[in-house]
Each structure stands twice: as C-alpha cells, then as structure tokens.
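One structure, pasted below without further comment.
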Amino acid sequence: MADKLNEYVALIKNEIKKYSKQIFNSEIGKVISVADGIAKVSGLENALLNELIEFENNVQGIALNLEQNTVGVALFGDYSKIREGSTAKRTHNVMQTPVGDVMLGRIVNALGEPVDGRGPIKAEEFDQVEKIAPGVMTRKTVNQPLETGILTIDALFPIGKGQRELIVGDRQTGKTSIAIDTIINQRGKDVYCVYVAMGQKNSSVAQIVHQLEVTDSMKYTTVVCATASDPASMIYLTPFTGITIAEYWLKQGKDVLIVFDDLSKHAIAYRTLSLLLRRPPGREAFPGDVFYLHSRLLERACRLNEEHGGGSITALPIIETQAGDISAYIPTNVISITDGQLFMVSNLFNSGQRPAIHVGLSVSRVGSAAQIKAIKQQTGSLKLELAQYSELDSFSQFGSDLDENTKQILERGKRVMEMIKQPNGKPYSQTHEALFLFAIAKSFIKFIPLDYIAKFKQRIMEEFDKEHPIYKEIATQKSFSEALEAQTNTAFKALVKRFVSALPDYDITKYGTMEELE
C-alpha cells in the first residue's frame with residue numbers, strides 16, 4: 001500500500017514540475033458564409049494577411065481580405081463539408097513551404113505537399129511564401145550566360161543568369177517547348193531548375209514530367225503544379241511557392257532557372273479570387289494590383305553579389321496571347337516588368353519554322369553582356385539581315401520582277417532561316433552554335449542547296465565532334481582568335497567541298513565558284 005502511495009506522490013510531483021503559468025491563446029472564429037471557395041469568417045480580429053486558417057475536417061485556407069468585422073479566406077481543397085457556423089482557427093503562421101535539396105526530383109502542389117505518390121517529403125527547413133525581393137545593393141549586373149541550347153536564342157537574344165525573359169505568343173506556338181528544352185540543356189551545368197505549372201491539364205503536366213524523366217533532367221528539377229481542376233486559390237499561390245523553393249538555392253550561392261507556365265492563367269485565377277472577395281474590378285475586370293502581383297513575383301528573380309553568395313535566379317515567365325495581341329493588359333504588364341521577350345508567331349510555327357521566334361518583335365535587354373565572344377563575333381549583322389529578309393520576303397509575294405541584289409538577300413535569308421531551325425528536345429552546345437554561326441557569317445551556306453541544309457548541320461556536328469582540336473579550342477578560349485579563325489575557315493572549305501561532291505547532279509556555278517573554296 002505504501003509503495004502505491006509513493007508512486008502516486010512521485011507522479012503528482014512530476015506533474016507539478018511540468019506546470020507552467022504560460023497561457024496558450026487560441027483564437028477561434030465562426031464561418032458566416034461560404035461559397036465558390038471563399039469563406040467569410042468572423043471572430044478572428046487579430047488574423048494576419050496571408051495567414052493560414054484551419055477549418056473543420058482538416059480544410060485549410062489563406063486570409064486574403066482583412067475587413068472590419070470579417071476575414072475573407074480563400075479555401076484550399078474540398079470545402080463541401082464547411083457550413084455556416086463551422087469553426088475556423090488561427091494557426092499564427094503565414095503560408096510556408098518546405099525547401100531544400102529534398103525537393104529535387106519531386107512534384108508538389110501549391111502547399112509544398114507531394115503529389116507524385118513517392119511518400120512524404122522529409123524537409124528540415126521551411127520558408128515563407130510571401131517575401132520582399134532582394135534590394136538594389138545586394139544585386140550584381142548580369143554578365144554570365146545561361147545556355148538555352150537553342151541557336152536562335154543564344155545567337156540573337158542571349159539570356160544571362162539572373163535575367164527575366166518573357167516568352168509570349170498564342171497557344172500552340174512552342175512556348176513551353178522552349179522552356180523545357182532550356183531545362184534539359186542545364187544537365188551537367190550545376191543549375192537547379194523549378195518548373196511551375198498553373199492551370200494546365202493534368203495530361204499536359206504528366207507529359208512534361210515524362211519528358212524530363214526520359215532526358216534524366218528530374219534529378220536537378222522540382223515541379224510545382226496546380227492544374228485546371230484545382231481551385232483558384234491554389235493556382236494563385238503556386239508561383240510564389242515555386243520562387244520560394246528556388247530562393248533556398250539562391251541563398252546557397254547556386255544558379256537556378258525557374259519557368260512560370262503560364263502567368264496568363266495565374267492572372268485569371270487572381271481575378272477570380274478578387275471578384276469573389278468583392279474587390280473593385282478595373283481594366284478587363286482585373287483588380288488594380290494585378291501589376292504588383294506579377295512585379296513582386298518576378299523581382300525575386302535576380303543575381304546577387306559575392307557578399308550575398310553570388311547566386312542567381314533566372315526566370316522564364318510564359319504569357320499566352322489571343323490572336324497575337326501583345327498589347328493586351330497582362331502581356332504589356334509583364335513585358336514592362338521583364339528584361340526582354342521572345343515573341344512566338346503562329347504563321348512561322350505553321351510553316352515549319354521552329355522555334356517560331358519573331359526576330360523583329362523579340363529582344364533581350366541585358367543578355368548581350370553575358371554572350372560568349374565566339375558567338376558574338378559571328379552574329380554582328382545577323383539580326384538586321386533576318387529583319388531585312390522578313391520584309392523583302394513578304395514584299396516578294398506581290399511581284400516577280402526582283403533585281404539581282406534582292407534575289408541574293410532572299411536566297412541567303414532562306415538558308416539562314418533553315419540553319420536556325422531546330423527540332424524539339426535537341427539542344428546544341430555553345431561550341432556547335434558558334435560553328436553554325438561561323439558557317440553563316442562566312443557564307444559557306446550559300447554553296448549548300450536549301451534541301452540539304454539540315455544534313456549539312458548534322459555533318460558539321462559529326463565533323464567537329466568533342467575530340468576535334470578546333471572544337472576543343474573554341475570550348476576553351478570561348479572566342480575566335482585570328483589563327484583559330486583561319487584554321488576553322490580552311491576546315492570548312494574542305495568540309496563543304498567533300499559535302500557537295502557527294503550530292504547528286506550538283507552544279508557549283510549555280511551557287512558560287514570553286515575558287516572561293518580553294
């Protein structure tokens with residue numbers, strides 16, 4: 001009996017030791033109304049903006065409207081069991097997402113929860129989804145190239161690490177293909193990638209993930225997705241989750257590439273939320289702060305100086321236009337935020353010119369400083385030539401009386417356009433790009449019949465493989481010295497002679513003279 005008594009006394013003493021005077025304050029409110037994924041909650045007077053609110057049945061939401069007597073909460077997931085009078089509880093936490101290397105190779109939703117069926121993510125670190133972008137004094141100028149592996153972009157519209165380059169165009173013009181090819185091309189280059197899919201079909205996301213898996217690119221990539229079947233609140237949150245995951249590696253001094261596919265659907269989701277929250281509509285029914293929505297997101301992509309780690313986030317936002325109208329509200333907003341745009345055109349795409357980038361309307365504002373010298377040396381007047389060709393080509397449709405000079409410009413233009421064609425999923429190395437551009441700049445392509453240009457490109461890659469001394473020197477020096485240029489010129493003359501000699505019924509006098517190849 002005494003033993004039992006001593007045991008009880010010990011237990012009571014132990015509980016007294018644990019006693020704390022600290023008061024845990026739990027704020028609980030009531031749902032006034034719920035409809036279309038928005039709950040009006042009363043009794044949460046001290047709620048924070050973007051705070052996570054918990055409801056019954058494990059439903060969560062984010063506080064977006066803080067009014068005098070109520071809080072407007074956008075709900076995540078199935079809210080069918082939430083009724084008027086249901087309880088809502090503050091979590092005292094603003095929206096957070098897991099970050100770190102554990103996110104690599106995973107597919108997560110807007111809340112950072114895995115949706116790939118590969119079990120939970122054992123993250124040790126979490127970070128706030130909404131943050132202020134790095135300040136001016138922490139940044140550094142963009143001067144390192146981000147290799148896309150796409151000849152047109154690397155030659156004419158180079159992208160630097162830390163740049164924001166918009167990809168804009170109608171549906172089905174190859175916008176996502178450019179972004180995915182760029183991710184694939186980062187293999188072995190120590191660049192982490194984040195692909196953010198917003199409002200897309202489940203089948204489209206699955207297809208992209210499959211393409212990344214087949215090319216062994218998921219090892220360094222995280223996919224953040226909110227598909228068309230997800231509520232507007234999830235689509236709204238997705239890009240902020242993506243950039244937060246990318247910022248973890250930025251702080252580690254790493255280079256990151258993030259793709260937002262696409263911000264048009266993101267703006268529509270935000271418009272939906274804003275109208276349901278009864279915020280006043282503006283132009284095209286978008287709320288007044290839709291510019292700030294995208295500017296605060298894209299300003300988080302930057303290049304930091306050495307004192308802050310020297311990392312970078314390069315952003316490729318995608319915008320879908322209607323009937324090629326880039327002067328609409330959202331496209332003009334994002335064009336003014338970003339450091340350049342690639343304008344994709346339907347008629348080029350349909351005519352087989354892929355990637356279908358419009359040379360005249362596309363621009364890269366800061367990337368030229370990041371372009372390697374070997375490519376810069378060969379692209380002096382190429383953009384002007386292509387713009388001139390484009391103008392003359394449309395003019396030549398109306399009449400057949402063309403002078404000799406115009407015919408030469410058109411013939412050269414056709415060959416250049418054929419040279420910059422590139423199949424999907426086949427990125428080029430920068431050295432091969434420099435060699436293609438050398439062939440264009442030194443007019444070796446004029447000897448090649450139009451139908452054989454693709455085979456000639458293949459032959460260049462076979463001839464100048466990674467073991468070739470010229471390839472090795474360009475890859476090392478990143479520029480053409482006088483000696484290297486002369487050496488490359490001689491090698492190309494020999495290559496062209498061998499190539500055309502194998503063509504059936506080839507007559508060199510139609511294209512030039514044999515003396516030019518001596």
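Even glycines carry a Cβ here, placed using N, Cα and C.
Reproduced below are the annotations present in Swiss-Prot:
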type    : residues                                                       : note
BINDING : Gly169, Asp170, Arg171, Gln172, Thr173, Gly174, Lys175, Thr176 : ATP binding site
SITE    : Ser362                                                         : site 'Required for activity'
Asp170 (ATP binding site) has how many other Cβ neighbours within 10 Å of its own Cβ?
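Taking all protein chains shown, Asp170 (ATP binding site) has 17 Cβ neighbours within 10 Å.
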Other Cβ atoms within 10 Å is the metric here; tell me which of the recorded positions Gln172, Thr173, Thr176, Ser362 scores highest.
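Most Cβ neighbours within 10 Å: Thr173.
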With an 8 Å cut-off on Cβ distance to the Gly169, Asp170, Arg171, Gln172, Thr173, Gly174, Lys175, Thr176 Cβ center, who else from the chain surrounds the ATP site?
Glu320, Met344, Ser346, Phe349, Ala356
Could you check what DSSP calls Gly174 (ATP binding site) once collapsed to helix, strand or coil?
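SS state of Gly174 (ATP binding site) = coil.
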Within 10 Å of the Cβ of Gly169 (ATP binding site), how many other Cβ atoms are there?
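Excluding its own Cβ, Gly169 (ATP binding site) sees 28 Cβ atoms within 10 Å.
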Looking at the binding-site residues Gly169, Asp170, Arg171, Thr173, Thr176, whose Cα is closest in space to that of Ser362 (site 'Required for activity')?
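Nearest listed residue in space: Gly169.
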Ranked by the number of other Cβ atoms within 10 Å of their own Cβ, which of the binding-site residues Arg171, Lys175 ranks first?
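Of the binding-site residues Arg171, Lys175, the most buried by Cβ count within 10 Å is Lys175.
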Helix, strand or coil: which one is Gly169 (ATP binding site) in, per DSSP?
strand
